[in-house]
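Participant: This is the feature table in Swiss-Prot:
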BINDING   11, 33, 105, 142, 257, 281, 283  NADPH binding site
BINDING   105, 138, 140, 193, 246, 256, 257, 258  sn-glycerol 3-phosphate binding site
ACT_SITE  193  active site, proton acceptor
């Protein structure tokens, strides 16, 4: 297969490495927006900034410049950009005939008081409706995928061709790829788990204990499921890799940037200093308000998400955010 990976950050490089090492012998091109970055990686045969010490295999080539020039004959284009850059990338890809899959997890920021923000497939439907597109998601850290450590991910798309392309390109002895038609559920899981991981990091940073962590993860999963079902997702999707799986990993893993946001805020660090220290995008910070707004427009109850938004906006201290959640009145566990 001929595979194009657009975006040379940690995730783009990790999947490019995985595809280039595939036993089927794929030809993989990693495209970088910055020509100097592409030249540096070409010379060093590694991404020294994000994945130092992991050499590029011979099947991986570097490119920059005109992305459209790479499309002819491509079997799959993987978009490895943050959510904020997805719209522009999809506009650039509007004439592409190969299957396209994005890696970003989140909601595009709302543009007005009446807008709740958009999931990736909703953005694509607006700006590039003819694309055969989908999402590639699930519980994974880029570093572990790049190292070839065992991982399971989900290829989500209503299009058989997109799911088949992702499975063919990336399913290997170290990376299991499961197919799912429910792109709404997969994207909601990927977006909301980042917000919930901030809450869990806050819990751990305040040393509230393992009971509290388990409660947050479980009730967070309920919030995620309620929002997803309201948006048309299948509830069983949230018991899978992109729901429960990604939530547990992001909420508990030490490599999680969103969890680290909560940890640092619990220590009294400002949000600005926290984001500056990360060096990478923490999508939960940018998605939290949009998730809360979309939920409000749909009448979906998401108290943990609302508390995270109040914390990020500076309206609640870490201790007050916890007190707000614990001070809520009794409710049925199976509330709909």
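Keep in mind that glycine also has a Cβ here, set from the backbone N, Cα and C atoms.
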Participant: Using Cβ atoms only, which residues of the same chain lie under 8 Å from residue 142 (NADPH binding site) while being at least 6 residues apart in sequence?
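Facilitator: Long-range Cβ contacts: 10, 11, 13, 14, 50, 51.
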Participant: Taking each of the binding-site residues 33, 105, 193, 257 in turn and counting other Cβ atoms within 10 Å of its Cβ, which one has the fewest?
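Facilitator: Counting other Cβ atoms within 10 Å of each of the binding-site residues 33, 105, 193, 257, the minimum falls on 33.
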Participant: If we count other C-beta atoms within 10 Å, could you say which of the binding-site residues 246, 283 has the fewest?
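Facilitator: Selected from the binding-site residues 246, 283 on minimum Cβ neighbours within 10 Å: 283.
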Participant: Quick one: pull the CA-CA distance for residue 138 (sn-glycerol 3-phosphate binding site) versus residue 257 (NADPH binding site), whole Å only.
Facilitator: 16
Participant: From the Cα of residue 283 (NADPH binding site) across to the Cα of residue 256 (sn-glycerol 3-phosphate binding site), what is the distance in angstrom?
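Facilitator: Residue 256 (sn-glycerol 3-phosphate binding site) and residue 283 (NADPH binding site) have their Cα atoms 11 Å apart.
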Participant: Take the C-alpha atoms of residue 105 (NADPH binding site) and residue 193 (sn-glycerol 3-phosphate binding site) and report the distance between them in angstrom, rounded.
Facilitator: 9
Participant: Consider the binding-site residues 33, 257, 281, 283 and say which one has the Cα lying nearest the Cα of residue 140 (sn-glycerol 3-phosphate binding site).
Facilitator: 257
Participant: Across all chains shown, how many C-beta atoms besides its own are within 10 angstroms of the C-beta of residue 11 (NADPH binding site)?
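Facilitator: So the Cβ neighbour count for residue 11 (NADPH binding site) comes to 25.
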Participant: Return the residues near residue 258 (sn-glycerol 3-phosphate binding site), defined as same-chain residues 6+ apart in sequence whose C-beta is under 8 angstroms from its C-beta, sorted by sequence, else 'none'.
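Facilitator: Expected: 194, 195, 197, 198, 201, 250, 282, 283, 284, 285.
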Participant: Would you kindly give the Cα-Cα distance separating residue 193 (sn-glycerol 3-phosphate binding site) and residue 281 (NADPH binding site), rounded to the nearest Å?
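Facilitator: With distance taken Cα to Cα, residue 193 (sn-glycerol 3-phosphate binding site) is 15 Å from residue 281 (NADPH binding site).
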Participant: Helix, strand or coil at residue 142 (NADPH binding site), per DSSP?
Facilitator: helix
Participant: Please classify the secondary structure at residue 281 (NADPH binding site) using three-state DSSP.
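Facilitator: Once the DSSP labels are grouped into three classes, residue 281 (NADPH binding site) ends up as coil.
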